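Listed features, source Swiss-Prot:
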| type | residues | note |
| --- | --- | --- |
| ZN_FING | 33-59 | zinc finger |
| COMPBIAS | 73-89 | compositional bias 'Low complexity' |
| ZN_FING | 172-231 | zinc finger |
| ZN_FING | 222-263 | zinc finger |
| BINDING | Cys227, His230, Cys249, His255 | Zn(2+) binding site |
| COILED | 322-400 | coiled coil |
| MOD_RES | Ser330 | phosphoserine |
| DOMAIN | 370-427 | domain 'COS' |
| DOMAIN | 429-528 | domain 'Fibronectin type-III' |
| DOMAIN | 526-747 | domain 'B30.2/SPRY' |
| MOD_RES | Ser627 | phosphoserine |
Amino acid sequence: MAEGEDMQTFTSIMDALVRISTSMKNMEKELLCPVCQEMYKQPLVLPCTHNVCQACAREVLGQQGYIGHGGDPSSEPTSPASTPSTRSPRLSRRTLPKPDRLDRLLKSGFGTYPGRKRGALHPQTILFPCPACQGDVELGERGLSGLFRNLTLERVVERYRQSVSVGGAILCQLCKPPPLEATKGCTECRATFCNECFKLFHPWGTQKAQHEPTLPTLSFRPKGLMCPDHKEEVTHYCKTCQRLVCQLCRVRRTHSGHKITPVLSAYQALKDKLTKSLAYILGNQDTVQTQICELEETIRHTEVSGQQAKEEVSQLVRGLGAVLEEKRASLLQAIEECQQERLSRLSAQIHEHQSLLDGSGLVGYAQEVLKETDQPCFVQAAKQLHNRIARATEALQTFRPAASSSFRHCQLDVGREMKLLTELSFLRVPEAPVIDTQRTFAYDQIFLCWRLPPHSPPAWHYTVEFRRTDVPAQPGPTRWQRREEVRGTSALLENPDTGSVYVLRVRGCNKAGYGEYSEDVHLHTPPAPVLHFFLDGRWGASRERLAISKDQRAVRSIPGLPLLLAAERLLTGCHLSVDVVLGDVAVTQGRSYWACAVDPASYLVKVGVGLESKLQESFQGAPDVISPRYDPDSGHDSGAEDAAVEALPPFAFLTIGMGKILLGSGASSNAGLTGRDGPTASCTVPLPPRLGICLDYERGRVSFLDAVSFRGLLECPLDCSGPVCPAFCFIGGGAVQLQEPVGTKPERKVTIGGFAKLD
């Protein structure tokens, strides 16, 4: 039983040692210089926050052609970037060497930097190629002497060396052989001592007795960081430059306006941040291990996917080779057939010519026929023979080979195919689509249209994402609604919320994966449900002057002789003909919205709404011509001035003329066909591509909007005591086009009065 407990204890100890060893080996990677791949020796902090050994940095600068900026390795340090030399055992303390004369000569102008003329106005900027981030770091004109030593990293390296060293005791440097183990160190003397030697070399009552002993070490560092410019202890930290500064640096013009804080505050802030970050990492070790397992699984999948990709590419290339081989066989077969046909024709021609030789073939037969003396028999045989001889004679006189020996028509032009094969590469994901803002709009539904850039790889399908931007943001990442696998380059989003702002984006997908998202496009939905209706020209419309389209969604006023004949006085021009077109649907409750486009060349068009009864009464029984100052029952009789409460107007129109919107000083100027109180101060605004009309039946208000930006143009009161329907008035030439609904067209609503009530 005791043996089992001992074995368990031994196993736990060994496991702990293995974990410690693994931890130390993993930490060793952080303590290696990126240049020499050995543990840091006197590391310097580069402006990019990476570290490098001073000797390695000096060597790199020498390779770059910078001379006199690395400092003398044997010199005593005059700045934190310089490093003291380690004194050999049993040697007296060396005197301080002189500062680096070469660096002073270069600064004073007696020396020159490589590539810099003597007496140049601007000092040379030294670039150091950082081996960690692979970028050039500016060191300034001071070179390495302007950098700080990373004393903390030195201490970590020293502690690591002591923890992994076996029997690596530090010996006294002043003892006679054999030296004893060192117990103290002295930064001022830069040596390690045993107890006896420390007392011997630091006698009581002398200045050396004031030296503060430290732990024994082989690497002596300055007590603190010193400013490389003023040789003063750094006491502040410049947040703007992200650099430690001394009291003199703090008041210099270089740091004027910078955020400077005491080094204690910077120390505490950075320590708190580092502690919190480290605590978070240590508290989420399970998450780290889970992510490591996920990465390992990703590596396995990568290996499998890579092998599958290789096999797929090999199979496709073999398929191309098979197609090429098949094509090669068919082309060679065609050449072979052409060759055999030509050889056959040439062989037949040779046979014909051989028959023309003396004593053979046709010539020999003709010679024998000429020997015939019986005239009838000769004529019988010579007739056919003569024809053959004539053809042979003609062929002899116009000799030409029966077939050409050239096969130029069998040459292949493989330039295009070679270019395609040369450009054969892996399929790329589609580029970010471009939203077609001219064709994208929001009406009863949202219609989104896009296209791919000219040289983009093809997309098999698209993903459309959308969300509302006018709702409170939920905690966490932004949530998008998606429409997956959209075919084509357009999409419909049904039933959007009214009076909202939607942001939409789209991206393509093919076998290579998903591409980048398009730029976001923001669309405003109508402020109320869209009203679907058709144009009805039976009330107040002249068929001679108004032309309504077959789908009853467009109307055009045609000026001409009928318009002139409709006026009672042709010469004065004080009377004009007004033609009215109404919608076939009336509104009795709720809010409704519709949009239309007015031809900018229209002379005078009024777009709006009115009470159904008042519109029929006014225009069905009104004279054919009216004065521009005539108000067809605006709802105000001659006694309206004495009424306590002014009645609401039965009509509300927006006036458009010659590409401009005519706005009066108030809503009353557009409440009817004309102003009630005569001319008023008015202004004009440009006509937008589409006009929107929003009717609030309960509130008795109608708003005219820019249907593209939904910017308000005019808001008017309206008498909503009965059914209200859309109305369009024309004076002179003009045209109006109702906006087509994005969805399926609704069925026509037909009632006995020509109007359907929308309840």
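The backbone N, Cα and C atoms fix where each Cβ goes, glycine too.
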Under 8 Å by Cβ from Cys249 (Zn(2+) binding site), counting only residues of that chain that are 6 or more apart: Cys227, Asp229, His230, His236, Cys238, His255
Additional residues around Zn(2+), ordered along the sequence, whose Cβ is within 8 Å of the centroid of Cys227, His230, Cys249, His255: Asp229, Glu232, Val234, Val245, Cys246, Gln247, Leu248, Arg250, Arg252
Confidence summary (mean pLDDT) of the domain 'B30.2/SPRY' (526-747): 75
Summary of DSSP states over the zinc finger (33-59), given as helix, strand and coil counts: 6 helix, 7 strand, 14 coil
DSSP-assigned states of the zinc finger (222-263) in counts, ordered helix, strand, coil: 8 helix, 11 strand, 23 coil
The domain 'COS' (370-427): DSSP-derived helix, strand, coil residue counts: 34 helix, 0 strand, 24 coil
Cβ neighbours within the same chain of Ser330 (phosphoserine) - under 8 Å, at least six residues apart: none
DSSP-derived helix, strand and coil totals, residue by residue, for the domain 'Fibronectin type-III' (429-528): 0 helix, 44 strand, 56 coil
